[in-house]
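Per TrEMBL, the features are as follows:
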type: TRANSMEM; residues: 20-41; note: transmembrane segment
type: TRANSMEM; residues: 96-118; note: transmembrane segment
type: TRANSMEM; residues: 125-148; note: transmembrane segment
type: TRANSMEM; residues: 160-185; note: transmembrane segment
type: TRANSMEM; residues: 206-232; note: transmembrane segment
type: TRANSMEM; residues: 261-284; note: transmembrane segment
Amino acid sequence: ICETCLPISYNSGPRPFKDIPFLILFALCVLCTFAFGIFSVSHRNPDYTNLSSFTYEFNSTSCVKDSLSSSSVWFLETHVYYYLLSLWSSGFWEALIWNLVVTFILSAPICFLFLLLLKHYTKQIVYISLPFFIVLPIFFNIYWFVAYTVSSTCIDAFPLVYRILVLVFVFLVIGVIMWILVANWHRIDLTVMIIGVASDALSKNLALLVALPLLTFGLVFYYAPIVVFLVFARLNGKIVPKESSGEYTCVWKQDSWVPAYYALAILAMLWSLTTMVETQVYVINGTIAQWYFTKEDSSPKRGIRSSLR
């Protein structure tokens, strides 16, 4: 044992904040995304969806709306509206909502049962699941090859030579996976121990099963307005005439700032996703570390809250 090594411990104090410049930059990026997004919604051009109803007028050298075409567009929009209304009245959306609710209700006991099985029968589950890494790929590889061979339409679309090459390539990948399992067979027991400890830690910190999905849902709700802004950003522009081979047509000309806004919004979304992933990592590590270094006769309090801080 190393006598000069420091003992492993957990520091439960507040973490020093060292990324103030990046926080300011991230806040500016998000604020600009929402500010320009609101601007894109308020300054959208509704004529984007009626582009086909515009025709070029030689007298005014501009594009004007054709009343007959606009009425046909209005009829199409009304038809789509009544179609969606009929779907709702037919019970489609109600059945979909009930399926989501039932799935959400049943997912909790199923996850809890699977966690208990991993906690008490870790070794058995690991050894039973290992053959599926080989059997299932072999089954699906043979299945698609036979299905493509039997089907008359797929024979012409995918020749036999290419099917054999893909079949052999997939079998080579399966062979590599099998070789990895055999070469690391002595580490299976270590994997069993790690999964067992992780299952025990998760069973003692079930609040993580609530906190982590809530963080993910929060990210989805945060993404929702940005996606709406991206959709409405396409509607910022005007319909202008375009000359091609002596003929004039009406085309949509997008505002010059829209591509830059797309880049800004995508950057904000990717940056937010990275931040959320790191937040979840901090929450998991902090909560499990507090549980691990707590005495056996006591339990950690406010582990998730302190990890978020």
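For all residues, glycine too, the Cβ spot is worked out from N, Cα and C.
Curation does not apply to TrEMBL; its annotations are automatic.
Between the transmembrane segment (20-41) and the transmembrane segment (160-185) there are fewer than 3 Cβ pairs closer than 8 Å, counting only pairs 6 or more residues apart in sequence, which means the two stretches are not in contact. Against the transmembrane segment (160-185), stretch 125-148 has more CB pairs under 8 A than any other of 96-118, 125-148, 206-232.
Away from its own ends, the transmembrane segment (125-148) comes close to residues 117-118, 154-155, 158, 163, 167, 170-171, 173-174, 177-178, 181, 188, 191-192, 195 of its chain (Cβ-Cβ under 8 Å, at least six residues beyond either end).
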